[in-house]
Amino acid sequence: QIHFEILRGHSDAVSSCHFCFEDTKILSCSYDRTVKLWDVEKGFPIQIFEEEHTAPISECNLTPDDRRVVTSSYDSTVKAWDMETGKMLWTVEHQGIVTSCNISCDGRYVVSGSDKGNSMCVFDAVSATVVSRIQGHHRSTITRCCFHPDNQRVTSVSYDKTIKLWDMTTRSTSITINEGHSNAISDCCFTSDGRYLCTASWDRSLKIWDIKTEEFRCHEPVSLSQGHEGSVSSCLFSQDASLVVSGGYDKTIALWDAEAGSKKLSLKGHWGWVTDVAISKNKKWILSASKDSTLRLWNIEKMDHTASVTESRKPRGSKIAQCEECEKPFLCLQRSDSEVMPRCVFCRLSAPG
């Protein structure tokens with residue numbers, strides 16, 4: 001069994017969560033209009049940022065130096081807070097609700113996505129001076145926007161099912177992917193080296209795109225599917241890019257082997273949609289946020305010894321077929337190039353011999 005802890009403190013849906021301060025703290029924000037900093041060891045909030053937003057907070061992010069928090073809200077604002085004092089530093093007004101915000105890896109810029117004109121805004125993280133405003137960037141609401149690790153490009157995804165990379169130097173869209181998903185795209189994230197981009201969609205799948213080589217122009221991206229029974233809400237790579245963690249509207253969290261494109265583990269326990277996920281740098285912990293007003297901290301340090309992970313690694317090279325007797329799935333175990341031994345997982349126990 002995977003051990004987990006429930007973190008209670010928000011009074012409404014938790015919309016965003018992150019590990020910070022070398023995995024010793026957790027940052028979260030909620031529809032209850034507050035941002036909380038949690039102590040992982042103690043399991044309760046040690047600092048609360050509140051009484052500034054007047055509507056649900058859609059996302060929160062921490063600067064690389066852990067000194068400032070940036071939040072976006074349905075009250076049409078993006079705000080910056082001083083982590084030490086809890087004081088608000090600046091506010092940037094938008095014309096529509098702000099669905100997403102992100103900070104560049106060098107801490108210099110903030111990007112936000114708004115539903116008014118399906119636009120993005122890039123501004124200086126210290127002075128809040130607007131650098132660029134990109135109107136009509138998508139045909140529908142932007143669900144998530146984030147910086148490429150090179151700090152010069154911004155990717156965005158939308159209800160319109162498209163993925164776009166916008167270049168800050170040329171002030172133009174450098175990559176557009178129109179055919180990646182068959183439904184709204186809810187989230188996106190880069191590997192730390194910027195080579196791969198992962199997207200999560202309401203079509204129940206995740207896709208991994210090689211942005212560096214643009215191999216997706218002639219080959220299909222890696223597809224992570226059959227991990228969620230409903231729309232996928234969120235995704236994140238581990239620091240070393242070996243794992244992808246995803247959250248879904250089926251109230252579960254899935255952990256994937258990024259290279260093999262296979263699911264390693266499924267975590268169940270939330271009684272509401274999983275809205276966001278995170279994974280610690282040492283890959284020992286998964287963090288999940290939910291519409292059920294809680295966060296959950298899952299210890300996956302010994303996950304390779306759990307029954308589900310052990311079972312998933314067993315039938316390598318196997319395929320799912322159907323039993324002619326009971327019409328349920330069975331495993332075709334390939335013993336050699338010429339020998340296939342079908343065994344029904346349901347009726348084989350009662351089969352002769």
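Positions of Cβ are set from backbone N, Cα and C atoms, glycine also.
Per TrEMBL, the feature repeat 'WD' maps to 7-48, 50-91, 135-176, 178-215, 225-266, 267-308.
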Confidence summary for the repeat 'WD' (50-91), mean pLDDT rounded: 96
Any contact, the repeat 'WD' (178-215) to the repeat 'WD' (225-266), with at least 3 Cβ pairs under 8 A: yes
